[in-house]
Amino acid sequence: MRLGNRPEDIRTCVHLRWHIHGLLRQENASVVISKCLRHGAWRLLLWLLLLATWDVGSGQLHYSVPEEAKHGTFVGRIAQDLGLELAELVPRLFRVVSKDRGDLLEVNLQNGILFVNSRIDREELCGQNAECSIHLEVIVDRPLQVFHVEVEVRDINDNPPIFSVAEQKILVAESRLLDSRFPLEGASDADVGENSMLTYKLSSNEFFILDIVNKRGKGKFPVLVLRKLIDREENPQLKLLLTATDGGKPEFTGSVSLLIQVLDVNDNAPVFDRSVYEVKMYENQENKTLVIWLNATDSDEGINKEVEYSFSSLASSIIRQKFLINEKTGEIKINGAIDFEESNNYEIHVDATDKGYPPMVAHCTVLVEILDENDNAPEIVLTSLSLPVKEDAPLGSVIALISVSDKDSGVNGQVTCSLTNHVPFKLVSTFKNYYSLVLDSALDRETTADYKVVVTARDGGSPSLWATASVSVEVADVNDNAPAFAHPEYTVFVKENNPPGVHIFTVLAVDADAQENALVSYSLVERRVGERLLSSYVSVHAESGKVFALQPLDHEELELLQFQVSARDAGVPALGSNVTLQVFVQDENDNPPTLLGHQSGGPAGEFSQLVSRSVGAGHVVSKVRAVDADSGYNAWLSYELHPTVGARSPFRVGLYTGEISMTRALDESDLPRQRLLVLVKDHGEPMLIATATVLVSLVENGQVPKASSQGLPNSSRREASLMDVNVYLIIAICAVSSLLVLTLLLYTALRCSAVPMQAGCGLGKPTLVCSSAVGTWSYSQQRQQRVCSGEGPPKTDLMAFSPSLTPCPVAEVGMESHSVGGDVPGKPRQPNPDWRYSASLRAGMHSSVHLEEAGILRAGPGGPDQQWPTVSSATPEPEAGEVSPPVGAGVNSNSWTFKYGPGNPKQSGPGELPDKFIIPGSPAIISIRQEPANNQIDKSDFITFGKKEETKKKKKKKKGNKTQEKKEKGNSTTDNSDQ
């Protein structure tokens, strides 16, 4: 076959034209030309050569690349085809510009090759167009040249055939004729050419075949052709599968499900289950009673299946009067009275007709047999009702009388009576068809307030008939339940200083009875609280049970108010119960710190102190003492200097001890008189502050009064007596297990030696010193115990606590003073009547024993022995071990507390009593000092217990005989142990 002017020959040579420039540069260009010559296409070849020459002159190139080519796929040597050298691509600014997407193709400037840069999707780029090309413009400068490049994108088979829906529904009537055609929706393929040429295939079946219809310009479409009639009653629907395959390599397929719905025609008549139905029924049935429910079925569907029922034309008028038929459901019901004596059988003819066209009819016969029955039920009559019934009624009490009757005769007239189960009653037969309803078990209204008693009378007929009568038995209440509280006692917390009449709690008692028996009233169980009646503190509302505080409560006066509230009902006799209320009065910080005494003669909280200029750092100058009537953290006191004192001041105050000590040695620049303001703060909210003013006068060495040296021998004896204090401490710790036996022995010895010692010991002044770091204690009852030593004067400065004893006179308490020549008067004072125990001290006091009775101090030849750990009082700072938080601040007040402090500069010498000891169960440190009664300088670091203590009177100086007595006794004045 020769190559001529046919369209396919022209397409072949046009394709050669696109690549003519590449072919001329390759070795097989001559082969192509010779091929064209052999086929005699001289004119076409000449035209192609001219066209190629024109393309080279105009700078247009043609390439082709398949779609979906990978990145880097070779397209053509564009630089070589344009006649450009590789070395001049960069200098001449070689660049490629695309009118379409510019990132699909790219040129490597190193080798001048055009390659695929990103994925090319022909369907996305050109859609269903037969030709798809990418147009590029190649621009170079020096001189400026523009080349046009056309890259054809060849289609590949990368898209399967797709149907628009997953399932196609086709409606086919079962009466359709053979060869009926049903067009289907074809598939589409996004590819072009052979890749989009589709062929269809239908799944095998006996009813349909597939035919392909060629529509001009629209492709091929599948059509279903009916080859066999379909019976809807056998095959209501068919499911087929239509598959489309494209012509690409490899080929792709797509499928769609065909759902064929077969439409019904009226070709079936209704059918009854049976042609004759037999029914038996009793007489006297209620109107509209169902006789029979007929059912006729039709194999068709839709309106052809709907059936209507009716009496046949053969039915008599009596049948139409006595019975009704529902034309939709086929129910035959009674329309009047059916009496066995009137007729014992009926014959009913019924038709069933469908709604199809033409309508079809079915027939049946219903034979109804009437049976005689027991058609009279028993009758019940209730008389002589005795209601309501008290819940304490005795067993056997008659509640009601019952009579029964039945109009029937024989076995149908024999009646028996019964009650419902689980009721506390029973029936007692008194005569034929007469019964009594009596109480069978005890009643409890709180469990069940009323009973519904159902009396059932049943005859002996078959079937048996019965009648029922209800009796509502109400149980009358008896006051047999006392009011009950949910809990036996309640705990209430009330802050002190509450407003009068404030509601603090509500009690609630519930009475299980009813009406007035359940009406509860509340009242206080009166008693005395101290010197006052309980009703002066609280009251309770009689109806609501609300408890009110009638006056402001004071924690310092009353920490716990325990009382009972009584609840009584209004029954006869009245019943009641009590509940206990424990009202804890919570402390508030309503008491500021109170400074203890002053000795300077100035206003309260102000005193003077003489200090030698030669004292060094750490020397204790004085001590500020204060108490707080509150408890817990509200009574935990701390001391600090007022900021106005200045950083240059040589003084400082212990944070928790109140000791004023030197921070450095004094120099000439220090003023001779300095005024120190000490702030005493508690830890409450809000914080309350007291201010103490200390007037310090700096004097020379000779002007400071010095203690007499006569006390040195006595001091040596004390040092010798207590040389082994640490040994005693270790022994005391190790011998805890034998402490009880030792206590009993010491107690007996002390009691036996108490009487002789009274004659040989002078009356001294007891001084109990507290160096507590945590605030104050409340006042506790105390008694004076005197312990005598065989070597020295009687020691009367030991004191034991005993809550069971009456309070003894307490020595005056004041601020420390270093004035010379002052004697403390021996006149005792009665304690402040406001003093009382605090919660923290009571916890400690109950866990302590009297020092004498518990054997804590033991008198011996060398003086009393110490049986507890000791701490020196000379340590000026809190870190020396004196700081102890208050009870309630995280410290167990019922445990022994051993306190040690680093760097204690003062140690007890032999024969001395330790400066301080710790009472078990107490957070404070007790100091015991052995001093003569005529000591010139009062060192009474006395702990006061109480709400507020008046500032003590100034101590008067004593002269004359007392001074002479001091010399005779050989007692010397000692320095203040706090300094």
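Keep in mind that glycine also has a Cβ here, set from the backbone N, Cα and C atoms.
Summarising the annotation, Swiss-Prot assigns signal peptide to 1-59.
This prediction places the mean pLDDT of the domain 'Cadherin 1' (64-163) at 86. The domain 'Cadherin 1' annotation in Swiss-Prot covers 64-163 and rests on sequence analysis.
Under the heading domain 'Cadherin 2', Swiss-Prot lists 164-272, citing sequence analysis as support.
The domain 'Cadherin 3' feature in Swiss-Prot is assigned to 273-380.
Long-range Cβ neighbours of Asn287 (N-linked glycosylation site) (same chain, at least 6 residues apart, Cβ-Cβ under 8 Å): Ile334, Asn335, Gly336, Ala337. The N-linked glycosylation site feature in Swiss-Prot is assigned to Asn287 (among others); the stated evidence is sequence analysis.
In the structure as shown, the Cβ atom of Asn295 (N-linked glycosylation site) sits within 10 Å of 14 other Cβ atoms. The N-linked glycosylation site annotation in Swiss-Prot covers Asn295 (among others), and the record cites sequence analysis as its basis.
What Swiss-Prot records for 381-485 is domain 'Cadherin 4'.
What Swiss-Prot records for 486-595 is domain 'Cadherin 5'.
DSSP gives Asn578 (N-linked glycosylation site) a strand state. The feature N-linked glycosylation site is assigned by Swiss-Prot to Asn578 (among others), with sequence analysis given as support.
Positions annotated as domain 'Cadherin 6' by Swiss-Prot, on the basis of sequence analysis: 611-707.
Positions annotated as topological domain 'Cytoplasmic' by Swiss-Prot, on the basis of a curator's inference: 748-979.
Per Swiss-Prot, the feature repeat 'PXXP 2' maps to 828-831.
Annotation source Swiss-Prot lists repeat 'PXXP 5' at 920-923.
Across 64-163, 164-272, 486-595, the stretch most heavily in contact with the domain 'Cadherin 6' (611-707), judged by Cβ pairs under 8 Å, is 486-595. A simple way to gauge crowding: the CB of Asn578 (N-linked glycosylation site) has 16 other CB atoms within 10 angstroms, across all the protein chains here. In the three-state DSSP classification, Asn287 (N-linked glycosylation site) falls within coil. Under DSSP, the residues of the domain 'Cadherin 1' (64-163) split into helix, strand and coil as follows: 12 helix, 37 strand, 51 coil.
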